[in-house]
Number of protein chains: 2
Amino acid sequence: MRSHYCGELSSSHIDQEVEICGWVHRRRDHGGVIFIDLRDREGLVQVVYDPDRSEIFSIAEHVRNEFVLRVKGRVRPRPEGTVNPDLPTGEIEILGLELEVLNRAETPPFQLDEHENTSEEVRLRYRYVDLRRPEMLEKIRIRAQVTRSLRRFLDERGFLDIETPMLTKATPEGARDYLVPSRTHPGQFFALPQSPQLFKQLLMMSGMDRYYQVVRCFRDEDLRADRQPEFTQLDIETSFLSEDQIMDLNEEMIRQLFKEVLGTDLPNPFPRMTYDEAMERYGSDRPDLRVPLELIDLRDLMQDVEFKVFSAPAKDPHGRVAALHVPGGCKLSRKEIDAYTKFVGIYGARGLAYIKVNEAAKGRDGLQSPILKFLTDAAVEGIMQRTGAQDGDLIFFGADKTSVVNEALGALRVKVGEDLGLMEEGWRPLWVVDFPMFEWDDNHDRWTPLHHPFTSPKLDQLELLESDPGGCKSRAYDMVLNGVELGGGSIRIHLQEVQQKIFKLLEISDEEAEEKFGFLLTALKYGCPPHGGLAFGLDRLVMLLTGSSSIREVMAFPKTQTAACMMTSAPSEVGMDQLRELSIRVRKPQSEDSTA
Amino acid sequence: MRSHYCGELSSSHIDQEVEICGWVHRRRDHGGVIFIDLRDREGLVQVVYDPDRSEIFSIAEHVRNEFVLRVKGRVRPRPEGTVNPDLPTGEIEILGLELEVLNRAETPPFQLDEHENTSEEVRLRYRYVDLRRPEMLEKIRIRAQVTRSLRRFLDERGFLDIETPMLTKATPEGARDYLVPSRTHPGQFFALPQSPQLFKQLLMMSGMDRYYQVVRCFRDEDLRADRQPEFTQLDIETSFLSEDQIMDLNEEMIRQLFKEVLGTDLPNPFPRMTYDEAMERYGSDRPDLRVPLELIDLRDLMQDVEFKVFSAPAKDPHGRVAALHVPGGCKLSRKEIDAYTKFVGIYGARGLAYIKVNEAAKGRDGLQSPILKFLTDAAVEGIMQRTGAQDGDLIFFGADKTSVVNEALGALRVKVGEDLGLMEEGWRPLWVVDFPMFEWDDNHDRWTPLHHPFTSPKLDQLELLESDPGGCKSRAYDMVLNGVELGGGSIRIHLQEVQQKIFKLLEISDEEAEEKFGFLLTALKYGCPPHGGLAFGLDRLVMLLTGSSSIREVMAFPKTQTAACMMTSAPSEVGMDQLRELSIRVRKPQSEDSTA
């Protein structure tokens, strides 16, 4: 139907007859002539219809935005003074010789260039209109380029793309499963995978050696900020490699990706930081290294002050007292500081102490702070020395349970960094390593795995599993980029006795282990190789690469915060006969039914 | 951990020290020396342990099948007379210098080289053992090669790999949907896609122009012979292309695939055959052209015979009388013919008349048949002439409703062709085109679409939609290879008024159309380009390419005929609290509940 894409035409086509197809982006009548900007996937081109071809002209007159046209015409240079340097095709236009309306269009629910004034709800309902915007097309295109690049990298290194089931057994990731009732096994259910974790481990036991998959995963969670019920992972697993080899390979892949897609050189190698150091310096296990601010520990300085707000957590082994030194922070107004106090409250902090350094040389008199009076000279001096605060700077304080201080100051660090324009440009990847195996779950009074229960402990710390589970580190690693966790993985447990020990420590009973993971424990008995891998969140990766503000922007048909599709109206009610076939029925919220 | 794969070692490595990892395939003690065949993804290599290294030797002594080992050793030529020409590494062996047992293995549930004596159930339960067999690894590897080749072909031609949702609205393909209860919308359900049909059409309306996806699809059907509840499609859609262009592109892709994977040249171009011709000559819309037999129509010859079994269907416009001429068929015994009679009974045929041609020159006397007495000389002469039967041949007859004759003789044609060794070697692809738009559904007394309701009718036959729906042909096309439908597709309806007309003809009410496809009808209003596409069954394609007998052989983790996973025991029961959260409960089979 066409000889060229609209967007690929240029001066090199002048005097050629071309055929193009596309959508009417704009139509203007000007001086008795009709100008149509025709749009396709590759861009826009201007088509001109003169009134001297009256039959075609009258068709052109009735054309409206988003009509689908087929145009035959001759490429010519634009008249002097009408060249549009902002448009790749801006040097030329097409003199329309033929015109066929392939399809009409009603006035669209919003004009493409007015999408910013359109609610996201309307844009999602008419997603096929929103996706026509060149910015959206570009994101979809980059997403395809990303998966292509990643696949090629892995293909070239002997990784096999292997598909794992979607209708599977409830997975152990800990989030809520999406369930699928079985018709042929009444009363039983499949679960949609939260990840192919166990399948990829079984593939290693099958001798596949190197596996990858770009795979859909599902989590039925309450959708916070930027989650989707279904999302895509680049899932990778290898046998007989150490964690260093796996990390090297994966950072090489990401470096190549950034080079190909953005032309950017990421650092080689990525810095590696232990979990403990990341928490200590940034209050986060996915620190945004673009923010130059760091948390500074004050425990030793505060243990003996009389100010209980500081001394109590300083004395508590589960507490922390830390400072965040903000260069130039004196300019923050009382109101702004109040807003930050509210902000850290989200993370459980009960206040936000601070010191403004007006004139350091004056000692106490040069400082301004509501808490100054509670601190000894030695403490104040220690703070000034350790933070290195200069005139005009501000010091924030966090003092609470360690987790609260880390979360509050960690988040404040990024927020203040953004607000004060301290953020560096560019890409700051790193690996976070040496994670704890377990964290203590106060609610259930037991240990829970920080990653998942198949993560291997450090080989030289196996005895800590019994003596000090909290001190035992795992062979896990996370790749972090600009404060976003891009991917994470670990060396897995390949010895059945270690796996059983972990289940025991997690207070998973033999029966429960057998019921949930029996097939894994059995498989471990028949010759399981040492193995490990990684999974990347593809949506987040593409979001970063395209500079998008949400993963919804990089999915063709995303769902809303309530896990619904505005376009198709899914989920929806289904017929009674369908449910009957599946041996289920809907439980009406009002009806209390004790038999169920 | 290793310097080489086991299977890549050869004479070129002689005198090198290598490190390899893998599974013990076999262990033999011979003349005081231990031989271990070590296996990894790439193959086997023989490792030799001498007793003069006593410490390592004693480790080697305790090694059993499927143990996972790490071996360090020196490559050396095998002694004269012990070279194994059947093994790629058969010229060399490794003198073991170090040995580490990475993991032990219990005696596996079956020995790899005894899989043929093992039930499929056991092989599926211990799939990770079965997948270690080199034949299985090879199938998985070819599958990865196939998707890689297809992706590259499409990538190079500007197709964008775009992901569509898995949690979606009930799809209209007509098979049963897998449902997923929504937690956030109590009483409502998602459906897993039977295909991304509507999404890919919406992507064309979004201006994506060229789309593909290797995508999981789901059908909750009773699993006949070789179906799986979840299967994989290569899904393709384009805008502004004609059916010829789409077919050309896709057969080029398949040709390239066969060349790359098998080194085979498929015909260029593929022959094209109308649906009517395929049914007439082969009784099937996916004819296996390797079988040289054809159906021969006898309607005109049989209309006036007194034998009602033949004359009645010959006179019935919905009936058919046809012959299948089997060269050399005289050698079939009474018992074999009885078995074929039973075979066609599966397809509804109430008998299987035949004539054996013992000596054609003798006329009637040279023929042998229970039905000969019912046929006039003219009819017999006509049959002999039209079939061209020679001495020693046999002619089978089918006379019934057209659909019964076609199915019965179509299936018989292939079976007899196989049994008598008439099947040609090689690959015989073709396109079947010009399908009817609709077929009459006797059960519901209405028209149903032969493909799906979004298939475009031939443009010059739009008026037949009203005057003669049964005579209206569609713009659909199927790619068939050796009797297997590899893929099918069509040009879709891009005009809203045509789509509405089709819904009306299919007796889909306005309300139903609005509820099920409202979003599609709406989208058609806002500028839908002409578009069409295709979907290939990836599992079947890989099955053909690997010469496998079932699609289960080319899926890593397939399900059984009752849609269950033997390995993980999915589906399974779930907790009451989980169901409660989803606002559903299990309907117990025994309890009659009128409120539900």
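Here the Cβ of each residue, glycine as well, is placed from N, Cα and C on the backbone.
Positions annotated as site 'Important for tRNA non-discrimination' by TrEMBL: A:His30, A:Gly81. Summarising the annotation, TrEMBL assigns domain 'Aminoacyl-transfer RNA synthetases class-II family profile' to A:140-558. Taken from TrEMBL, the feature L-aspartate binding site applies to A:Glu173, A:Arg219, A:His451, A:Arg492. Annotated region 'Aspartate' per TrEMBL: A:197-200, in sequence order. Annotation source TrEMBL lists ATP binding site at A:Arg219, A:Asp220, A:Glu221, A:Gln228, A:Glu485, A:Gly537, A:Leu538, A:Asp539, A:Arg540.
Feature annotations (TrEMBL) mapped to structure.
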residue: A:His30; record: site 'Important for tRNA non-discrimination'; Cβ neighbours (10 Å): 8
residue: A:Gly81; record: site 'Important for tRNA non-discrimination'; Cβ neighbours (10 Å): 5
residue: A:Arg219; record: L-aspartate binding site; Cβ neighbours (10 Å): 21
residue: A:Glu221; record: ATP binding site; Cβ neighbours (10 Å): 14
residue: A:His451; record: L-aspartate binding site; Cβ neighbours (10 Å): 19
residue: A:Glu485; record: ATP binding site; Cβ neighbours (10 Å): 16
residue: A:Arg492; record: L-aspartate binding site; Cβ neighbours (10 Å): 23
residue: A:Leu538; record: ATP binding site; Cβ neighbours (10 Å): 27
residue: A:Arg540; record: ATP binding site; Cβ neighbours (10 Å): 20
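A:Arg540 (ATP binding site) and A:Arg492 (L-aspartate binding site) are 25 Å apart (CA-CA, integer value). Across A:Arg219, A:Asp220, A:Glu221, A:Gln228, A:Glu485, A:Gly537, A:Leu538, A:Asp539, A:Arg540, which the record gives as binding ATP, the greatest C-alpha separation is 20 Å.
Taking A:His30, A:Glu485, A:Leu538 as the recorded positions under consideration, the smallest Cα distance to A:Arg219 (L-aspartate binding site) is found for A:Leu538. Reduced to three states, the DSSP call for A:Leu538 (ATP binding site) is helix. Note: the CA-CA distance between A:Gly81 (site 'Important for tRNA non-discrimination') and A:Glu221 (ATP binding site) rounds to 57 Å.
Model confidence over the region 'Aspartate' (A:197-200) is summarised by a mean pLDDT of 96. Across the region 'Aspartate' (A:197-200), DSSP assigns 4 helix, 0 strand, 0 coil. Across the structure, A:Glu221 (ATP binding site) and A:His451 (L-aspartate binding site) place their CA atoms 17 angstrom apart.
Between the C-alpha atoms of A:His451 (L-aspartate binding site) and A:Glu485 (ATP binding site), the distance comes to 13 Å. Here the Cα atom of A:Glu485 (ATP binding site) is found 53 Å from that of A:His30 (site 'Important for tRNA non-discrimination'). Of the recorded residues, A:Leu538 (ATP binding site) and A:His30 (site 'Important for tRNA non-discrimination') place their C-alpha atoms 47 Å from one another. The CA atom of A:Arg540 (ATP binding site) is located 46 Å away from the CA atom of A:His30 (site 'Important for tRNA non-discrimination').
DSSP assigns A:Arg492 (L-aspartate binding site) to a strand in the three-state reduction.
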